[in-house]
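K.L.:
Sending over a structure as structure tokens; questions will come in a sec.
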């Protein structure tokens, strides 16, 4: 019952009341330090009150709980060394990481916790010491891997075509070799090494991705842009295309160019995932994801309707014409593709002016140009501009969230020997087996006093200015001679009481 009440208090809108009641309930807890403490009992979702405060973005409750966990080490003037308990914060030994919960939640308020002490210092320590070097090495290794795969595709086994053409539009001159003919020369053996590296890399990708899908769940794993959801879909699809290409090569099945082409496009597009390791490029990857899976997906429905309608009209108009003179609409699939190119203004209007064009072609093309080029494309640009504006105002938060997600990902996938635990063990200070993070903070004891001085001096400036204005109305000449300093108060440059007050404040500081 007490643990349930603690979880309810974390969700209360009145933060001050919730903190007092939280402290009151814990004062009656008999197992405050043991494993049976109310603060360590999770709810049905596996969240303790501390983790629930992070997921809900309750920054007041989070700071209150962190103040209870900290241990003052020493203090010297304005400098203070504090040990923060990072037992539930550190993702090193947690199945359900606190940092991963924050970046995967849909509430924007939760990302503000990443800028609070000691989460900010812990993430910075992990990223600077291990995360950034490992991530840069992984990016370089992946690029070299993709170069190897690309070379294997460029020099894939082909031979000249021997059979006759079946159509005048048939333009094929090379065909795929059979398996027995593909690995004969020395160049083929060198290519075989690269193909083996490519297949092994695809298997490693599947081995690393599938456990995370089962642990987190497909909806959260692929649906969160901060966690790189679309890129996980891309890399898994790429690995599957590699395995399909391998099966087709071993069985001498023609048509391996289809999965190979998909794999090349997906593999090189996945390089954008590594842009999150750089502060200048990281938010742009999220911007691209939101534009593709938000604006562009909605726009594609409208575009498909327009293209389908006008492509059908163009095909009907040119259905009775000679296809040799107007080849862009010689069949229905080609009409769809040509209309798509016209929609994106990739090509001009496909018309042969050496022959008589149907009158309806001019009417339909005029309507198509107005709707597609002028209306819908500008609508897409406006939608993308709005998305760019929204993401640009959140780029600092998104960058911190990307760093946290990348750090947690590397920490889970790398061996423990390559990523030691961050922080200080409490046994060194007689605090048990818990792990702590040492943070040195500078506290200014005169901050509130100086704020009071400033407000008092501003009020005194306003009073002196009002008095000076009244005297100025009575006798301007006398006031100019006797109260010259009072007239310059509006510019804050005279030697008035305000100036003397600021001198006192400066000496005290």
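Every residue gets a Cβ built from N, Cα and C, even glycine.
The structure displayed is predicted, hence computed values, not measured ones.
Annotation comment: TrEMBL describes 134-158, 192-210, 231-251, 257-275, 296-318, 359-381 as transmembrane segment. Residues or ranges marked as domain 'Ion transport' in TrEMBL: 135-394.
Give me the local environment of each listed feature.
P.N.:
On the 0 to 100 pLDDT scale, the domain 'Ion transport' (135-394) averages 82 in this prediction.
Sequence-distant neighbours of the transmembrane segment (192-210) (same chain, 6+ residues past either end, Cβ-Cβ under 8 Å): 145, 148-149, 151-152, 183, 232, 235-236, 238-240, 242-243, 246, 413.
Proximity of distant same-chain residues to the transmembrane segment (231-251), defined by a Cβ-Cβ separation under 8 Å and at least 6 residues beyond the stretch ends, is recorded for 149, 179, 182, 195, 198-199, 201-203, 205-206, 209, 213, 221-222, 259-260, 262-263, 266-267, 269-270, 272-273.
Below 8 angstroms of C-beta separation, residues 135, 138-139, 142-143, 146, 149-150, 153, 156, 176, 228, 231, 234-235, 237-238, 241-242, 244-245, 248, 281-282, 284-285, 288 of the same chain, each at least six residues beyond the ends of the transmembrane segment (257-275), sit close to that stretch.
Below 8 angstroms of C-beta separation, residues 326, 329-332, 335-336, 338-340, 343, 358, 360-361, 364, 368, 371-372, 376, 379-380, 383 of the same chain, each at least six residues beyond the ends of the transmembrane segment (296-318), sit close to that stretch.
Long-range Cβ contacts of the transmembrane segment (359-381) within its own chain (Cβ-Cβ under 8 Å, at least 6 residues beyond either end) map to 295-296, 299, 302-303, 306, 310, 313-314, 317-318, 339, 342-345, 349, 351.
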